[in-house]
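As given in TrEMBL:
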type	residues	note
TRANSMEM	58-76	transmembrane segment
DOMAIN	61-483	domain 'Major facilitator superfamily (MFS) profile'
TRANSMEM	96-117	transmembrane segment
TRANSMEM	154-175	transmembrane segment
TRANSMEM	187-209	transmembrane segment
TRANSMEM	298-322	transmembrane segment
TRANSMEM	334-354	transmembrane segment
TRANSMEM	361-385	transmembrane segment
TRANSMEM	391-417	transmembrane segment
TRANSMEM	429-452	transmembrane segment
TRANSMEM	458-475	transmembrane segment
Amino acid sequence: MIGDILVRMRGRHTHGDAFSTYKRTALREYVDSYRDETADHFVNGTSKDIGNPSWRRSFPHVLVAALSSFLFGYHLGIVNETLESISLDLGFNGNVMAEGLVVSTCLGGAFVGSLLSGWIADGVGRRRAFQLCALPMIIGAVMSGTTNDLWGMLLGRLFVGTGMGLGPAVAALYVAEVSPTSVRGTFGSLTQLSTCVGILASLLIGIPAKDIANWWRVCFCISAFPAAALAILMEFCAESPHWLFKRGRAAEAEIMLEKLFGGLYVKSAIAELSKGDRGDGADTVKLSELLYGRYFKMVFIGSILFALQQLSGINAIFYFSSSVFKTVGVPSELANIFVGLANLSGSIFAMILMDKLGRRVLLLWSFMGVAFSMSVQAIAASSLVSGSAALYMSVGSILLVVLAFALGAGPVPGLLLSEIFPNRIRAKAMAICMAVHWVINFFVGLLFLHLLEKMGPVLLYSIFAGFCIVAVAFVKKNVLETKGKSLQEIEIALLPQE
């Protein structure tokens, strides 16, 4: 188990700086009073007498954060229906390399954004990080929608991609840190649901692009409005109490906790935050600690989880499913809507089940479901099945892959990693793992058609199914259940205080 692996990692990084020592001492004195008052009642992050905080206070803050996930999904899918119109208007129709760059430039920007997300989120806070995420999305959307040449489109997509990479990582952090323990899984799944809604919205709004001149420009420019709403509304949202507490701003953390949970829960929440506090300064995390130091195994496990998520073949399905549907006479517009609805349905079920069944169970069953569906896809492409039966098996298995993925393999890794990483390294560790996600995503999209041509569909889909089986074994061995545990309880279980 991950706890057994990590419990042996010892050592404590300390500061000799006098100001840091003063700040840590003052912070401990501040929270000691809360510890004393709540010692008899504090159990699992809440009082036995007062129960769990209501989800209603924190829900509006989570909903605003979910706008970043909506934008992520929207920009991921917007070129699906509009690429043909874009290429005709901007003069690169038939240039496969140019069309590929319009898609992949965004992924390259997302890699850069995700890699920087941890340092930005720790440096300026979660709220300001969201606003910085919205800014390049606004600029990029307007540039893409008003450009008259390919280079303007590529630059706009690069800006948008930077925001896309920054948003999901910060959203995972923020939602985990502002949600009550009892609904943290549900709220975490809401970000995945928002991504699905964004994808579906982009597919629907892009349908008229082939019939209405310059409609693709509207599709890009209109996305600036939810980005602006994210930047403005985040000004009224609570800052993460975890970030404030880590920065030594315990009084402000208390105010935010009251805003998120209610005054009745402030003392127990401060005491809970102090359980995970080891007096580490906010600027003490070194990259070496994450890549080959005491936290390496945690980051390694998180990176492998994201890599296996992408190697399940889900993006190959998202990117290239239209061609399979066309063979049975289903127009690409309807095909994309079917895939979007399957994705949305799975995400809704995941949101309902996340805090009931738990993260680990959903992850295991999801990967097994994708493995089964990919196997059906491979059989449909083989000589064992022919004619209309093979075509309908292909269509059915594509929808099953999307549905099974959305039930767990899609939403769980981001939520789970934001829970298991200690507060001290959470943002930067998430940044590294998300960067791995984007690298694998890029290469799957880049190489899928080439490998499909060289290997054939039977072998390639079998390989995807094999990666899903590996993921099942990996999750069984390395992933612990976090349902119903506070972030501090999870941190202490993995890295107990000395």
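Backbone N, Cα and C define each Cβ position, glycine as well.
Here the transmembrane segment (96-117) has Cβ contacts under 8 Å with residues 75-76, 79, 83, 86-87, 129, 133, 136, 150, 153-154, 157-170, 427, 430-432, 434-435, 437-439, 441-442, 445-446 of the same chain, all six or more residues outside its ends. When Cβ-Cβ distances below 8 Å are used as the criterion, the transmembrane segment (298-322) is approached by residues 2, 5-6, 80, 290-291, 332, 335-336, 339, 367, 370, 374, 398, 401-402, 405, 409-410, 413, 416-417, 420-421, 425, 429-430, 432-434, 436-437, 440-441, 444-445, 448-449, 461, 464, 467-468, 470-471, 474-475, 478-479, 494 of the same chain, each at least six residues removed from its ends. Relative to the transmembrane segment (361-385), the listed stretch 391-417 leads the set 58-76, 154-175, 187-209, 334-354, 391-417 in CB pairs under 8 A.
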